[in-house]
Amino acid sequence: MKAQIIPQCRGDNILSAIILCGGHSKRMGTDKGLIILDGKPLISCVLDKIKPYFDEIFIVLRDEEQKKEYLKLLKDEDVKVITDIIKGKGPLGGLLTGLKSIKSENALVLPCDSPFITREFIENCLKIGNLEEYDAIIPVWEDGRLEPLHGIYNRRVVERIHRLLLKDERRMSTLAKIIRSRLVHVEELDPSLKSFRNVNRPEDLRI
């Protein structure tokens with residue numbers, strides 16, 4: 001059952017979400033999305049937070065081998081598990097795959113290693129999610145650092161991503177600079193900042 005969200009908070013009909021899970025984690029020594037936190041894999045932690053809000057959720061993986069593992073884990077979940085269209089291009093390649101798969105015009109994009117996403121973050125994203133004048137909404141820190149893996153993107157950026165990947169440019173931050181990005185301070189989306197906590201090392205699992 002989907003959360004009851006008043007229509008004006010739906011922004012520009014953001015009904016799709018994309019979770020990027022294709023990266024290799026040398027520091028963790030295992031697939032990040034399958035790491036257990038409080039008895040659940042990280043991918044399940046993220047899913048549990050976002051699935052009440054979205055009509056379709058895509059989980060983007062790097063290859064068929066990884067897909068088999070996730071399908072076993074998520075067999076009872078109403079999600080679409082897909083693999084990168086262009087292999088080995090990192091998060092930007094995953095974003096391309098996800099945006100080419102969604103039915104809606106926009107999608108909330110998240111990494112699988114952010115299990116502390118808050119309800120407030122999701123609802124604030126939905127409130128400001130109108131992308132008529134922008135190609136993306138991207139959180140920004142006070143010092144100017146971007147959080148492009150916690151953004152909202154419109155499908156029209158697909159061609160821009162293609163061009164970057166043809167040049168072997170894989171940085172999400174580069175995409176953010178060449179499209180019409182609306183930058184929103186991280187505190188505006190999540191005053192607690194918990195949503196932007198990533199799991200990069202085993203010690204990051206300690207809450």
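Here the Cβ of each residue, glycine as well, is placed from N, Cα and C on the backbone.
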Same GTP site as Leu20, Cys21, Gly22, Lys32, Asp113 according to TrEMBL: which of Asp55, Asp84, Asp135?
Asp84
For Lys32 (GTP binding site), just count the other CB atoms lying within 10 A of its CB, please.
22
Asp113 (GTP binding site) CB neighbourhood, other CB atoms within 10 A
23
